[in-house]
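The following features are taken from TrEMBL:
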- A:27-31, A:HIS92, A:ARG126, A:177-181, A:208-213: ATP binding site (BINDING)
- A:24-255: domain 'Phosphagen kinase C-terminal' (DOMAIN)
Amino acid sequence: MSLSDFLQRAMSRWMRDGGPDDDIVLTSRIRVARNVQGYPFPILQTDSHASDVIEMVGKAIEAAPVKELGQYELIRCRDLSALDRQVLVEKHLISPDLAEQEKHGAVVLRDDELVSIMVNEEDHIRIQCILPGMRLDDAWKLATSIDDALENKLVYAFHEKYGYLTACPTNVGTGIRASVMMHLPGLVLSGSINRLLSAVSQVGLAVRGIYGEGSESFGNLFQVSNQITLGETEEEIIGNLQSVVYQLIEHERNARQQLLQRNRTQLEDRVSRSFGILAYARRMDSRETLERLSDVRLGIDLGIIQGVSAGILKELMVTTQPAFLQKYFSRELSASERDVRRAALIRERLRLDDTEVHG
Amino acid sequence: MLCERCHERAATVHVTKIVNGEKTGYHLCEQCAKEQGEIMHPFISGNAFDFNKLLSGLLNMESSSGFAPAQTTQLRCSSCGMTYNQFTQLGRFGCPDCYESFSSRLEPLLRRIQTGNSHTGKVPVKSGHTIAQQRQLEMLRRELQQAVVDENFERAAELRDQIRALEQGADE
Ligand SMILES: [Zn+2]
Ligand SMILES: [Zn+2]
C-alpha cells in the first residue's frame, strides 16, 4: 500500500483537519466520565459486571438518539490485537490504561474518530470528543449530546449533592476534563514559558509538558486542562480554560513576531536545518522527530517554509509512533529498526508535498 | 541520573508536570520512554498521572499524620465492602455508594481537591426533572422559614401555596 493510501485510511479527522487558531492549538478535547447505577466501579468489577456494562452500552448506541449522532461501532478490547490497541492509544482514541484492560475493556468508535467512548476503564463510561484547533465549545456540545443520548437507555450514578459519581473523587461532579494541546515554540525560545505556565497552574488548571535534558523543551508541546470538576458548572470550567488559552495564544503570537524581528536569520537557520534533517536523515528517534517537527511547523507558520502541509506536525507525531510504524511496515520492529523506518517514513511523507524553503 | 524504570541506562527523558504550582517529574532513559510510550502519555491519559498523584499525596499525608485512625479504619462501604483504608491506598472508590459510606471523611478531602463540595452543573435528563424540582422546593422552604421568622405572614402564605403546588405536581 502506498503511503498516501495508508495515511488516508489510518488518520483520524483530528489529525488531518485544521480548525480555529490551529497555528497554536492542535486539538481541543472534552472527556466526560459516567458510571452506571447499581454496579461497582471497574476496579471491583467481576467478569459478569463488566459484560453487563458493555452490553448496556452496546444497546444504548443501537438506540435511535445515539444513531442520529453518527455511525458507531463497539469493539471489545479482547477482539483487538495488542498492536491495534496500541495504534488506538497513539491516535489518542483510548488511554494506555484501557489498552491494558484486555478482559473487561471495550471502546465505541464513531466512524470519523472524533468521538470515542471508553468502556470499563477507570469509570464505566468515558465519552471523549477530540476536535482539531480551538473548538472547546463544539467539543462540549458534541460530548453532552452523546451523553444525553446514552442516558436515554442508561441510569447514571448521580448524587444530588456530589453530582455524577466517579471512581476517583478528582473527577466527581461534572466528570468533565477539558484539555487543549498547544504548540508554544515562541514562548519556549523567548524563555518566558516557565513563568507563564506556573501562572496558569495557579488558577486551577494543570499544565503538562515534556522536557529534555536541562529542562530544555521537548517538541514545545503543552497540554492545559481543568483540574476542578466539582463546584463549577461545565460552562464555567470550559470558560475558565478558554480564557487562559486565548491569553496564551496571544503571548505566543507576540513572541513569534518578536523572534522574527530580532533574530530572523537565526530563526531561518534553525527551521531550515531541522527541515533538512527531516528530509534527509537516515535514523530518527521519536524525541528528535518531535523537536524537528516543531521547528518545521514554526517555519510553516512564519512563512519560512512553503509547500509543506501545516498538519505535518500533528500527522507525523502520531504516525511515527512505534505501533503506527509497525502497522505501516507490517512487521515487528526493534527500537533501533524503528529509528531507521521512522526516518524513511518521514522522508517519504515530505516528498508527498511540493516543498520550498525561502530565505 | 539513572532511569527510574530500568535503573541501568542514563535518564534522558524528563517529564515534568505542574499541578497547583507544584512541580513533579519522572525520569526515564530513551528506550524505556519509548517502550512505555511516555512521550505521548501526558497528552493521552487525561488525568491518570498527576491528579492521582496529587490525591494519593493528600491521602498519604492523612494516614501518616495519625489524624485518621480508630473509627476511620472501621469505615466500610456496606454495598461493595471497600474500607476507607483501602480507598486511601487505591485512590479509587469501589462503588457509587462509597460516597455516602465515607462522606464524613470525604468532605474535608473534597474541599482540598475541588472548588466546592456541591455539584452545580448538568443533571441527568431523566432524573433531572425531579432533582431540579427538589432544589426549588428546598429554596422555597428556606424562604418560608425566613418569612415566618420575619413575621411576614402574607409572604409565608404565598410560599406555602407555591410549595404545595410543586409537591402535588411531583406526585402526578
Ligand atoms: Zn530505562
Ligand atoms: Zn462502595
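Using N, Cα and C of the backbone, Cβ positions are placed for all residues, glycine too.
Mapped onto this structure are the features recorded in TrEMBL.
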residue: A:THR27; record: ATP binding site; Cβ neighbours (10 Å): 23
residue: A:ILE30; record: ATP binding site; Cβ neighbours (10 Å): 26
residue: A:ARG126; record: ATP binding site; Cβ neighbours (10 Å): 26
residue: A:SER179; record: ATP binding site; Cβ neighbours (10 Å): 25
residue: A:ARG208; record: ATP binding site; Cβ neighbours (10 Å): 23
Chain B neighbours, filtered from binding-site residues A:ILE30, A:SER179, A:ARG208, Cβ-Cβ distance under 8 Å: A:SER179, A:ARG208
